Amino acid sequence: MSNIRVYELAKEFNKETKEVLEVLQKANFPVKNNFSSVGDAEREALKKHYHKGAAPAAKAPVKEAKPKAEVKEVRENAPEKTKKGNGEKSQNRPQNKENHEHKEHRENRENNQRKANNNNGNGNNRSHEGGNRSGHNERNNNGSNNERSERGSRNDRNKNERNDRNDRRGGKNERNGRNDRNDRNDRNGRNNDRRGGRGRNNKRGGQQPAPKMEIARPKHIKLPEMIAVKDLASKMSYTAAEVVKKLFMMGVMATINQEIDFETAALVASEFGVTCEELPPDADPTEIPEIEDDPKSLKLRPPVVTVMGHVDHGKTSLLDCIRNTHVSAHEAGGITQHIGAYQVNCKGKKIVFLDTPGHEAFTAMRARGAQITDIAILVVAADDGVMPQTVEAINHAKSANVPIIVAVNKIDKPGANPDRVKQELMEHNLVPEEYGGDTIMVPVSAKQQIGIDDLLENVLLVAEVEELKANPNRDARGVIIEAKLDKGRGTVATVLVQNGTLRIGDSVVCGTTYGKVRAMIDDRGNNVKKAGPSVPVEILGLNDVPAAGDILAVLEEKQARSIAEARVERQRTNLIKSKKVSLDDLFHQIQEGEIKDLNIVVKADVQGSVEALCGSLLKLNKNDEVRVSVVHSGVGAVNESDVMLASASNAIIIAFNVRPDANARRVADTEDVDIRTYRVIYDALNDVKDAMSGMLKPKYKEVIQGRVEIRQVMKFSKALVAGSYVLEGKIHNNSKIRIIRDNIEVFDGEIDSLRRFKDEVKEVAAGYECGISIIDFRDFKEGDIIEAYTMEEIATDINEANKEAARKRQAEAEARAAKENEE
């Protein structure tokens, strides 16, 4: 055989390299270390050495009683140690080897095992070599009782040299898993052992596979409105592939991450024998949770009274008389353009008054005032009677189910007629008590302070009947009456607390804004620390200007922020939603391309004024030629960004009760942006109407200048001239003409030449003759009449254009209805 190394030869005999070196050196072989080369001679010397020492012990093996039980015990103890290692293979391999070993080999190994067990039981220490090999085996996680017994008794191991060598080769294979390059038969045997140890029958120590557990599947599940396919499969305890396959068989192409509706999910579940129940919809993240109050915790609160009526009927003056102030003196034009909230004392009881505007532009403010009020005072001037905004206020109060008290004002004026007012109110189902109705009507005079106490007593009487209550010992809920942006204080919002108590430091959310209350100011300008039910206050600390009418609620800071952000996200999503376009939409867009836009940027001091002004401007869009487009609206002074936006969109800026700052003026001059400032809403609307009128298409009116009769047709080489006589008016050389023959218009054109006695003239008056040649016309006949006319531009008004457009739409609607009836 070829030469091998000493350490490989030591492995072949299952000996330590040091021991093999000593034996070979004693036999005078030239080996120096474990890498020295050895051949057949060294192998034969080792065989003789180990065979000689093992022969005497093979003759009479000691037999103890019940050897099978001891062998069984050894075999049962071995797996416990191998489990502590990493291998279950060492438990299987001895059994596989027994299937291949000779019976004599197995008996010799059993004798060795019994002796090893006796040595272990008597507490004998193992030899140093055996201990090292045991540690080596433990490190390789392949230790067995057979190997330990061979190491424990050197004499017994020498008795059966050949059999033990085979056993050691098997143990060596278990420990190291290496092939013997020198012995092909042993290598094949080891490979067979490894394959046998990993066989199906010998897996996990020959144990039978565990029985398959059946999956418990539900018979009834609850599903939301939309659910992903994989979630549906998980709820039914099926794989997603099975559900996707079932959907495919039903004609639905869906992936595992695709969402399906409840109906489809229930249909799929029924195919698997599962019934479904729909869960209630999830709570809206933008909604504020409602808290029900204990009836025992409710206490009486002051009534909230809204003063409503037509413009200039004396609402603010009446409230001035009640408060002993002069609020109306501060209003531009003498009309109210904000909602004012005031608190007064009457006979030891408090009443909260809301003063709403009476101008037609402030419809939204009046509606909002009616919704948050408990009692409505309808002010009607005795000398003017029921007016359009009076009727509107009545409708707002009725829609809000608010009791109405009528204050017939200005009874001190000479032309006052309260009875006529009562008759007119009866037409709107407001029957006074003296006529058998239930509407309280009080004659008052704000200027002479007549009937004020009677009015307040009736307010307290109605409030007592209504039993107005609230819980002051809870988190506050209120409504934003007004909001503005102050240059020094930031966002200022007027809040009417409806329930609970609002305190400084509370975290609040209202609409898309949130913040923490930093300060509170009452209607008298005093700083307060808390505000109970039915108390109007101004609050500071919001991150942005809320919309008037938004609900204010006290929540935890994180919850308030999350609700506001969710609302902002919803608004953004609604804005960017794509709209499907139909052919009708495309035609409408083509028509809109011909419409002129008047772009406007609206800035005002309070949110209510912004709403009123924008609403009034948009109401002007009733024609098909000019359209008002509000590109931006906001609260606060006109700043540089507003001017840049107006410049980019070719818009004008309407500043209502606010002024542009220095930077805005400078940029406006540079960008040539028109900034209009107003204090009365009438003026703003009138100017916008004039601007829209100027953008309308010009209209022309035909004016007949004169009539000419053709009496002779004269032919020349270059032209055909009509010899004519001017019957009436004048004819000019630049006039437009039409030729009428037998009362039928045969041509419409322009004069080429106007002559009198061969001379070119500018005009010919009535009673004179002239010669006329016409551009592109030569078919003159005697007796034809020539009419000279001009088209004069006439002034157009936006109101007339709106009326004309309304008539046109009405005619189209009638024609469409008639066509449908015919069909």
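Each residue, glycine too, has its Cβ placed from N, Cα and C.
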From 296-328, 560-592, 791-823, which range did TrEMBL mark with coiled coil?
791-823
Reduced DSSP assignment, I411 (GTP binding site):
coil
Judged by the number of other CB atoms within 10 angstroms, which among G309, D312, K315, I411 is the least packed of the binding-site residues?
D312
Mapped DSSP class for D312 (GTP binding site), helix or strand or coil:
coil
